[in-house]
Amino acid sequence: MKFPILIINLKAYGEAAGKKALEIAKAAEKVAKELGVNIAVAPNHLELALVAQSVEIPVYAQGADVETPGAYTAHIAVDNIKAVGASGLILNHSEAPLALNQLSKLAARAKSIGLDVVICAPDPVTSLAAAALGPHAVAVEPPELIGTGKAVSKYKPETIIETVRLVTKHFPNVVVITGAGIETGEDVEAALKLGTKGVLLASAAVKAKDHYQKIFELAKPLTVAAEPP
């Protein structure tokens, strides 16, 4: 997993249903290539295979609930995420929380088969617990700010600062990214200045009238923070 990174979660928005998901992913891919930055997209499970097989940028699943394939009606197996071409997995989003035991098993399975693993957490202490599971990144997202347009980097910077401090101290190999209310390039820039290595966002990009233009704005700050090759 490369950093700094912009991860665009398409959730189950109507604006990202079917071929619309691919249109957003293509716009993200274009921006990633033009700016030379890392952008990943996380389509809904219905569009995961389509998007993963159509773009070169990383494509992440929004979640999973079983480790391996089998007789699990309406479930999502970690191994099948890899099989359809996705390269990563987001776990424990506040809209899809997991019990600790299940989260631990899913994260371990995903890492064992080579998937990037991002675990979401609502606060610094929970982020530290998530980091103990060995993901590539922890995304700290105060749930009360998600979808509000009130960026965590501006309204709760102390949450980011403390998360970065705790995780860096105890699990230096785990990267901290952040999300919740991120709407503008300025919000992204602020998050990076607070010590994160990227952002996880959704509505700002998905609901934009011009996906390319908005993603370009959101990704531009990554060029300043980009790590040398």
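The chain as shown is numbered from 1 upward.
Placed from the backbone N, Cα and C atoms, the Cβ positions cover glycine too.
Some features that Swiss-Prot has for this protein:
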ACT_SITE  His93  active site, electrophile
ACT_SITE  Glu141  active site, proton acceptor
BINDING   Asn9, Leu10, Lys11, Ile146, Gly181, Ala202, Ser203  substrate binding site
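All features noted in Swiss-Prot, drawn onto the structure.
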residue : record                       : contacts (Cβ under 8 Å, 6+ apart)
Asn9    : substrate binding site       : Ala42, Gln62, Ile90, His93, Leu200, Leu201, Ala202
Leu10   : substrate binding site       : Ala16, Ala21, Ile24, Val41, Ala42, Pro43, Asn44, Glu47, Gln62, Ala202, Val206
Lys11   : substrate binding site       : Asn44, Gln62, Glu95, Ala202, Ser203, Val206
Glu141  : active site, proton acceptor : His93, Ser94, Cys120, Ala121, Pro122, Val152, Thr178, Gly179, Ala180, Leu200
Ile146  : substrate binding site       : Ser94, Glu95, Gly179, Ala180, Gly181
All-chain count of other Cβ atoms within 10 Å of Ala202 (substrate binding site): 22
Cβ atoms near Gly181 (substrate binding site) (within 10 Å, other residues, all chains): 23
Cβ atoms near His93 (active site, electrophile) (within 10 Å, other residues, all chains): 24
For substrate: widest Cα to Cα gap among Asn9, Leu10, Lys11, Ile146, Gly181, Ala202, Ser203 in Å: 15
C-beta crowding around Ser203 (substrate binding site), within 10 angstroms: 19
